[in-house]
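**Q** The structure follows.
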Amino acid sequence: MYKLRWWRADASEVMAVTAMGVWEAVLAGGGRRFIKRKDSDAGETGRALEELRSSLYNEMHSSESAKRQQMRFCGPSVALTFNFAVAVGIIMANKMVMGSVGFKFPIALSLIHYAVAFVLMATLKTFSLLPVAPPSKSTPFSSIFALGAVMSLSTGLANVSLKHNSVGFYQMAKIAVTPTIVVAEFMLFQKKVSTQKAVTLAVVSLGVAVATVTDLEFNFFGACVALAWIVPSAVNKILWSSLQQSGNWTALALMWKTTPITIFFLLTLMPLLDPPGLLLFSWNFRNSCAIIISALFGFLLQWSGALALGATSALSHVVLGQFKTIVIVLSGYLIFGSDPGVTSICGAVIALSGMSFYTYLGLKKDSATSGKKAPSRQNSFMTKPKVTADNNDADSEQEDNV
């Protein structure tokens, strides 16, 4: 009995030794190379997955990639359409807040808009969905501070001007922003406007004035506010466009940096320009919901406006604002049966004609610029660096001459 057990143990040992010998023989042949190849394939797969993970991280956490993604998914047509749709929505929301709700505090309403925008962006940052800002060395803090300050003046004074002036005088102040932008861009960046565009902008402004300015009632305080609003409004648009196009700033990243500064200046303007009685306002559920809805539209308007300014220019954004005004006039006449008068209809047609020609000039310039840039890159491989630099300087000077 014991011998049989020993024989079984010896047999199992013999089988184990035999199996090891066979395995060693396989490894001695080509098995080791096979295992090494499998290990190398696994290592390459791991490295590929790591590179994919790092590339996805860079797409979400670098300012250059975030800027490329914004330019890819939100071109000029998308940004302008988005801004136009949101502007129509906020007009209705603000009419509800100022009219049926009776909220008569324009600076406080702007402050609520920016406070809600800051909370929304803080939520996006908490979930790592807010685009990363460029390094602080790339943009001076003075530029960020100036943008936040003029943004508070532009938004706050616009609401105060609309409260104390008639709609006609308010539209006249908005029309005055166009030549102010032309002068400011020339003084700040030596950027010139072609004769064709200057004449077209004059025709557009004239058409908008004829279509919308039906009364010029104002008081001294309202006129002072309107005049004080023109320059900050123009500089605000110029800075938004310049900072996004010259650096790797995205709209949301720039909003995140400037919103606290804007809130600070609105807090200082509120006791000076708002009437007393904010705390005595009826903050019931209905009124609060209407104000919050207006604030959500305000965030979307600020975001879409920043996208449009980053994708186009300050002048194009002004023309878009005038186009919104003309659309409101014509839609009231065609859809709702209002009668603005023959003079207003003729002014709207003139303004639309000028806007169409302005768009044509912009498309013509873009096609000409892209056509001239392509050969310069192609010939750069066959020419000397000095010639390439001269071509780039010529292209940059042509881009400055809008």
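Along the chain as shown, residues are numbered 1 onward.
Keep in mind that glycine also has a Cβ here, set from the backbone N, Cα and C atoms.
Unlike curated records, TrEMBL annotations are generated automatically.
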**Q** Between the candidate ranges 144-162, 201-219, where does TrEMBL place the transmembrane segment annotation?
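**A** It is 144-162 that TrEMBL annotates as transmembrane segment.
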**Q** Out of 105-124, 168-189, 220-240, what stretch is closest in contact terms to the transmembrane segment (285-303), meaning most Cβ pairs under 8 angstroms?
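**A** The listed stretch sharing the most Cβ pairs with the transmembrane segment (285-303) is 105-124.
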**Q** Is it the case that the transmembrane segment (168-189) and the transmembrane segment (315-336) touch, counting contact as three or more CB pairs under 8 Å in which the residues of each pair are 6 or more positions apart?
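**A** Per Cβ check, the transmembrane segment (168-189) touches the transmembrane segment (315-336).
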**Q** Top stretch among 105-124, 144-162, 220-240, 252-273, 315-336 for CB pairs under 8 A with the transmembrane segment (342-363)?
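**A** Out of the listed stretches, 315-336 contacts the transmembrane segment (342-363) most.
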**Q** State, in range form, which of 144-162, 252-273, 315-336 has the highest count of Cβ pairs under 8 Å to the transmembrane segment (105-124).
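**A** Stretch with the highest Cβ contact count: 252-273.
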**Q** Among 220-240, 252-273, 315-336, which stretch has the most Cβ pairs under 8 Å to the transmembrane segment (144-162)?
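**A** Answer is 252-273, with the largest number of Cβ pairs below 8 Å.
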